[in-house]
């Protein structure tokens, strides 16, 4: 052929393609190769040697081109995660905007009877030394409307009348607490017990 090479070893290697000469032989299975690097790679199939490790997951490979192909899998996975995170971010911001508009559309009396999961701090119109307990989770207003108003009113009255130990307070009572009305009639010792 008319190909030219700048180095003699490249010419020698190329001539073996035309002649079919394979001077490098595996001593284990007697298979012949035209290039020494191909023999070296082949011997790894017998020894199990895998000197090329993936920098991301640590998986090992006998050939560098296998590692390179494998690394592309991680790059595709990374691209998918970035795309997914971007779509989740866009979705969560639109949900947050919807939630805040829904939370502001209810009047304060309905919000007291049917609290939403949106965390809101209400200041009490009346001073009270016994704040009402805060609930960590509430049903959404649409779910709460399935309960009868008598039940919801009873639950609200119970929640605002009796403090619960160990519960963090995020809401101040809009209703004057029953305990605050009774503090003047109890002695300090009785108040500590309650």
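Cβ from N, Cα, C; glycine included.
Per Swiss-Prot, the feature site 'Interaction with DNA' maps to 3 (among others). When Cβ atoms from all protein chains are considered, those within 10 Å of residue 3 (site 'Interaction with DNA') total 7, not counting its own.
Per Swiss-Prot, the feature site 'Interaction with DNA' maps to 7 (among others); the stated evidence is similarity to another entry. The Cβ neighbour count for residue 7 (site 'Interaction with DNA'), using a 10 Å radius and every protein chain shown, is 8.
Among the features that Swiss-Prot reports, site 'Interaction with DNA' is placed at 13 (among others), with the record citing similarity to another entry. Long-range C-beta contacts of residue 13 (site 'Interaction with DNA'), restricted to its own chain and to partners at least six residues apart, with a cutoff below 8 Å, comprise 34, 35.
The Cβ of residue 31 (site 'Interaction with DNA') lies under 8 Å from the Cβ of 25, 42, each on the same chain and at least six residues away in sequence. Residue 31 (site 'Interaction with DNA') falls outside any helix or strand according to DSSP and counts as coil. Under the heading site 'Interaction with DNA', Swiss-Prot lists 31 (among others).
What Swiss-Prot records for 35 (among others) is site 'Interaction with DNA', and it gives similarity to another entry as the kind of evidence.
What Swiss-Prot lists as site 'Interaction with DNA' is 59 (among others). Under the three-state DSSP scheme, residue 59 (site 'Interaction with DNA') falls in the coil class.
Per Swiss-Prot, the feature site 'Interaction with DNA' maps to 63 (among others). Around residue 63 (site 'Interaction with DNA'), the C-beta neighbours below 8 angstroms that are at least 6 residues distant in the chain are 41, 44, 52.
The site 'Interaction with DNA' annotation in Swiss-Prot covers 69 (among others) and is backed by similarity to another entry. Around the Cβ of residue 69 (site 'Interaction with DNA'), 11 further Cβ atoms fall within 10 Å across all displayed protein chains.
Taken from Swiss-Prot, the feature zinc finger covers 1-18 (among others). Remote same-chain partners of the zinc finger (1-18), defined as residues 6 or more beyond its termini with a Cβ less than 8 Å from a stretch Cβ, comprise 34-35.
The zinc finger annotation in Swiss-Prot covers 24-46 (among others), and the record cites sequence analysis as its basis. Note on the zinc finger (24-46): its mean pLDDT in the predicted model is 94.
For 52-74 (among others), the entry in Swiss-Prot reads zinc finger. Away from its own ends, the zinc finger (52-74) comes close to residues 41, 44-45 of its chain (Cβ-Cβ under 8 Å, at least six residues beyond either end).
Summarised by DSSP class, the composition of the zinc finger (1-18) is 11 helix, 0 strand, 7 coil. Residue density at residue 59 (site 'Interaction with DNA'): 15 other Cβ atoms are found within 10 A of its Cβ, drawing on all protein chains shown.
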